[in-house]
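Everything on this sheet refers to the single structure shown next.
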Amino acid sequence: MGHEDRATALLTVDLDAIADNWLALRGRLRPGASCAGVVKANAYGLGARKVVPALLAAGCRDFVVAQIDEGLDILDLLPADARLFVLSGPPEGAEDEVLDSALIPVLNSPDQIDRWAKACARAGRKAPAALHVDTGMRRLGLTPLELDALLADPRPLAAFTPVLVMTHLACADEPDHPLNAEQRALFAAAAARFPGLRASLANTSGIFLGPEWHFDLARPGIGLYGGNPTVGTANPMRQVVKLQGKILQVRRIDTPLSVGYGATHTAPAGSTIATVGVGYADGFPRSAGNRAMGLLAGRSVPVVGRVSMDLLTFDVSDVPENLARPGAMIDLLGPDLSVDALADRADTVSYEILTRLGARYPRRYGGVREGSGQ
């Protein structure tokens with residue numbers, strides 16, 4: 001018996017859907033703009049070493065990760081014409097290691113720029129790097145004063161090869177937020193100070209703001225993995241994941257009885273409770289207790305009681321007994337149970353749902369509608 005057979009849950013990842021989402025997002029860009037693939041956090045929890053080849057096959061040649069080790073883990077998958085950007089830049093003391101790789105660090109501060117310039121000078125080569133300017137997020141990036149100082153003294157920039165200038169939108173998922181236009185204007189002014197460099201502003205939601213936000217390179221992340229980039233409207237992206245939990249036990253309730261920790265739900269007489277082998281240790285949000293929904297044999301079934309570490313309980317009273325049985329699979333995410341819907345019920349965001357998908361889930365890569373267990 002293999003891991004998938006022993007496991008109490010199954011996560012199916014549709015690589016074709018990821019590729020289709022990338023193609024759809026690229027198709028929305030202005031002529032001449034390129035589309036990267038953000039594969040940080042192990043491709044949002046879905047497996048970067050599986051996702052990267054799918055994006056390469058679709059035509060993607062620009063990739064983005066957050067940390068050096070994430071980049072080193074997938075570098076061997078990339079052809080010579082691909083580029084891999086590391087958003088956090090080189091940690092202090094790791095500059096030589098990054099130089100020895102083909103990673104392109106994003107330099108976020110005067111200190112990082114100085115350290116990268118000195119490392120390049122020691123190595124005797126002008127290695128590539130990207131520059132991050134802060135236009136309103138207030139996390140990483142050069143402030144306007146730091147940018148002025150950098151351009152006033154060209155010596156550090158002369159020691160390496162800048163290949164990209166970028167910033168990050170703070171409110172792109174709110175199209176009418178005034179900060180969007182403010183950031184675009186600030187970034188356009190900053191990018192104009194680096195003639196000849198590619199410029200990158202838009203994340204997934206930023207792509208939908210319009211061509212003025214596209215510049216030379218867009219950096220979609222959540223949209224690749226099925227998250228809705230257009231809040232309040234129909235999701236234009238294909239769903240990518242299907243998560244199923246196995247029923248471990250079915251209990252018939254003859255008199256009203258409480259269910260789960262804290263006795264937060266009382267099952268009425270005549271109800272049927274199914275316990276599934278998924279919990280918050282697997283990334284299913286604890287806050288979704290008494291709020292989330294599942295699907296069993298095409299019927300909607302509610303989570304009742306609290307989410308515990310390893311278990312969920314569902315009211316399956318409306319499902320025929322021959323279908324609500326130990327070994328049957330309840331869909332927790334899928335084409336009709338989106339990541340965004342679960343995030344809404346758990347008072348969180350789709351990014352968190354995806355990146356917390358647990359290591360205990362065996363991953364099956366293929367079509368979302370394969371292996372339904374029904």
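Every residue gets a Cβ built from N, Cα and C, even glycine.
Swiss-Prot annotations:
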type     : residues       : note
ACT_SITE : Lys40          : active site, proton acceptor
MOD_RES  : Lys40          : N6-(pyridoxal phosphate)lysine
BINDING  : Arg139, Met309 : substrate binding site
ACT_SITE : Tyr261         : active site, proton acceptor
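All features noted in Swiss-Prot, drawn onto the structure.
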residue : record                       : Cβ within 10 Å
Lys40   : active site, proton acceptor : 19
Arg139  : substrate binding site       : 9
Tyr261  : active site, proton acceptor : 14
Met309  : substrate binding site       : 10
(message) Under DSSP, is Arg139 (substrate binding site) part of a helix or a strand, or is it coil?
(response) coil
(message) Give me the CA-CA distance between Arg139 (substrate binding site) and Lys40 (active site, proton acceptor), in Å, as a whole number.
(response) 17
(request) Indicate whether Tyr261 (active site, proton acceptor) is helix, strand or coil by DSSP. (result) helix
